[in-house]
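**Q** Have a look at the structure that comes next, please.
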Amino acid sequence: MPDNPTGTLPEIILASASPRRRQILSEMGFIFSVCPSQAELYPDGSVAPAEFAVLNAQIKARDIASKYSNGLIIAADTIVVDDFGILGKPSSKKVALNYLSRLGGKPHTVISSVCLLNTENGQIRSATCQSTLTMRPYTQAEAQRYVDSGLPMDKAGAYGIQDKEFNPVENIQGCYLNVVGLPACTLVRLINEMGFNPKLARNWKPEGDCTLCRIYRTEISRLR
């Protein structure tokens, strides 16, 4: 672990415009500013999905690093992967409907990569988290109504597990917050590896089954 006697966190900058990531960080008790990165790779099949997510998160972190002399940048990238490849954010309603048709009633994987960059010394850490989900067999009409609502348009795979009205997910194995877009345990582990000791909000409790996670019990509970 890097030498850091106080473990005091520098200014935290979230390199994402995602309201879900902002909500997770806020509920965990972090004080941070937001500077969305505009940098992004597009999948071309040249690298494995997990590596693609890592590269995208790192590019986002480096994209805004020059704006801060002493900050801890948090960047993340979430992708959905089915048997045919990577599904990012849909570029149109037609694409969103196609994604939902591909996923309906079938299993797929959600990968989130988190990248932390300390702008003071250039230290960088990345890690990925994966969850396996099975979608319920929704109808084409249900999918069309969901697309028409506009909710899927800013989400990888064209759905949000937290969108209760559509309620697309039948089963999840793995981290719930990973599917939302920012796995809390992965984030805390990376912050700790960089020599910082975050103090989380005492009343914070992750959504889904995260409280059953071994890492949550041993790492996050220890840092309260």
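The backbone N, Cα and C atoms fix where each Cβ goes, and this holds for glycine too.
Annotations per Swiss-Prot:
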{"type": "SITE", "residues": "Arg20", "note": "site 'Important for substrate specificity'"}
{"type": "ACT_SITE", "residues": "Asp77", "note": "active site, proton acceptor"}
{"type": "SITE", "residues": "Thr78", "note": "site 'Important for substrate specificity'"}
{"type": "SITE", "residues": "Gln162", "note": "site 'Important for substrate specificity'"}
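Describe the structural context of each listed feature in the structure shown, including burial, neighbouring residues and relevant distances.
**A** Under DSSP, Arg20 (site 'Important for substrate specificity') is assigned to a helix (H, G or I) in the three-state scheme. The Cβ of Arg20 (site 'Important for substrate specificity') lies under 8 Å from the Cβ of Gly160, Gln162, Val180, Gly181, Leu182, each of these being in the same chain and 6 or more residues away along the sequence.
Within 10 Å of the C-beta atom of Asp77 (active site, proton acceptor) sit 26 other C-beta atoms, taking all shown protein chains into account.
Here Thr78 (site 'Important for substrate specificity') comes close to Ala53, Val110, Ile111, Ser112, Ser113, Ala156, Asn178, Val179, Gly181: these same-chain residues lie at least six apart in sequence, with C-beta atoms under 8 angstroms from its C-beta.
Cβ neighbour count for Gln162 (site 'Important for substrate specificity'): 17 (other Cβ atoms within 10 Å of its Cβ, all protein chains included).
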